[in-house]
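Everything on this sheet refers to the single structure shown next.
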Amino acid sequence: MLRVAGRRLFSVSQRSSTATSFVVSRDHTLSDGGGDSSSAPRSLPSADLSSYHRSLIRGFSSQVLAQGNEIGFGSEVPATVEAVKTPNSKIVYDDHNHERYPPGDPSKRAFAYFVLSGGRFVYASVLRLLVLKLIVSMSASKDVLALASLEVDLGSIEPGTTVTVKWRGKPVFIRRRTEDDIKLANSVDVGSLRDPQEDSVRVKNPEWLVVVGVCTHLGCIPLPNAGDYGGWFCPCHGSHYDISGRIRKGPAPYNLEVPTYSFLEENKLLIG
């Protein structure tokens with residue numbers, strides 16, 4: 001609309017200059033015609049000019065309205081439909097994908113279905129194997145399950161002696177206590193201990209004491225039947241444990257750990 005108005009204004013200015021030159025030349029012609037200036041009316045050129053301007057304005061308005069109707073203004077057709085009717089030459093469409101592929105040979109459809117079905121079956125089989133392999137790798141192996149629990153025969157352990165076995169990579173002390181050892185363990189004032197525990201809490205059978213042979217200070221292995229209290233002594237930093245595995249002296253903060261165990265038979269012990 002603005003472009004049309006600009007073009008029309010430019011044409012009107014040209015026509016106005018032409019009309020002005022025409023009127024001026026006519027005025028000069030009248031003045032040069034030898035007639036008396038008083039006999040010729042002075043308002044004639046201005047009347048011609050005003051009428052000419054009015055005709056130009058009417059023509060301009062009619063042409064603008066006609067142009068507006070041509071580009072879709074004031075028409076009943078939507079702008080989108082009008083744009084489709086008058087496409088722009090700058091819009092370029094890619095027609096390379098408008099070609100239709102030729103239909104395949106009907107006799108080869110069975111082969112294509114067979115190939116697709118076979119590929120899907122192979123893919124499903126490989127996926128199943130991968131899932132099974134992942135599940136099996138997450139489960140514990142037989143060696144790990146065997147190390148998770150340890151069965152110990154207690155028949156060969158003499159009273160007053162300590163046996164060391166390996167369980168989950170750690171030493172485990174199994175001590176068969178005598179009657180004097182049991183009395184000594186129960187005679188201790190629990191309130192004076194650094195890590196107070198009753199002896200009955202640490203054993204299931206008073207005759208057998210089972211503890212993990214790792215010092216609770218820095219992980220050294222204490223020596224059995226040593227120390228000031230007849231239990232275990234850690235040579236690394238001088239921690240002393242009594243006959244129940246409780247810390248009595250030295251830098252160790254806690255008692256020796258008691259693992260999970262149970263008695264299968266009278267002389268069978270299962271650790272873990």
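Heads up, the Cβ atoms here are built off N, Cα and C, so glycines get one too.
Listed in Swiss-Prot for this protein:
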TRANSIT   1-60  transit peptide
REGION    27-46  region 'Disordered'
TOPO_DOM  61-109  topological domain 'Mitochondrial matrix'
TOPO_DOM  133-272  topological domain 'Mitochondrial intermembrane'
BINDING   Cys215, His217, Cys234, His237  [2Fe-2S] cluster binding site
DISULFID  Cys220-Cys236  disulfide bond
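Neighbours of the [2Fe-2S] cluster site: apart from Cys215, His217, Cys234, His237, residues of the same chain with C-beta atoms within 8 angstroms of the site's C-beta centroid are Thr216, Leu218, Gly219, Cys220, Pro222, Cys236, Gly238, Ser239, Gly250, Pro251, Ala252.
Annotated pair Cys234 ([2Fe-2S] cluster binding site) and Cys220 (disulfide bond), C-alpha to C-alpha distance, rounded: 7 Å. Averaged across the topological domain 'Mitochondrial matrix' (61-109), pLDDT for the predicted model comes to 62. Taking all protein chains in view, 12 other C-beta atoms sit within 10 angstroms of the C-beta of His237 ([2Fe-2S] cluster binding site). Cys220 (disulfide bond) sits 9 Å from His237 ([2Fe-2S] cluster binding site), taking the C-alpha atoms as the reference points.
His217 ([2Fe-2S] cluster binding site) is 9 Å away from Cys236 (disulfide bond) when you measure Cα to Cα. DSSP places the residues of the topological domain 'Mitochondrial intermembrane' (133-272) in helix, strand and coil in these numbers: 28 helix, 43 strand, 69 coil.
Candidate recorded positions: Cys215, Cys236. Fewest other C-beta atoms within 10 angstroms, Cys236. Its own atom aside, the Cβ of Cys220 (disulfide bond) has 16 Cβ atoms within 10 angstroms in the protein chains shown. Note: His217 ([2Fe-2S] cluster binding site) has non-local neighbours Cys234, Cys236, His237, Ser239, Gly250, Pro251, Ala252, Pro253, i.e. same-chain residues 6+ apart with C-beta under 8 A of its own C-beta.
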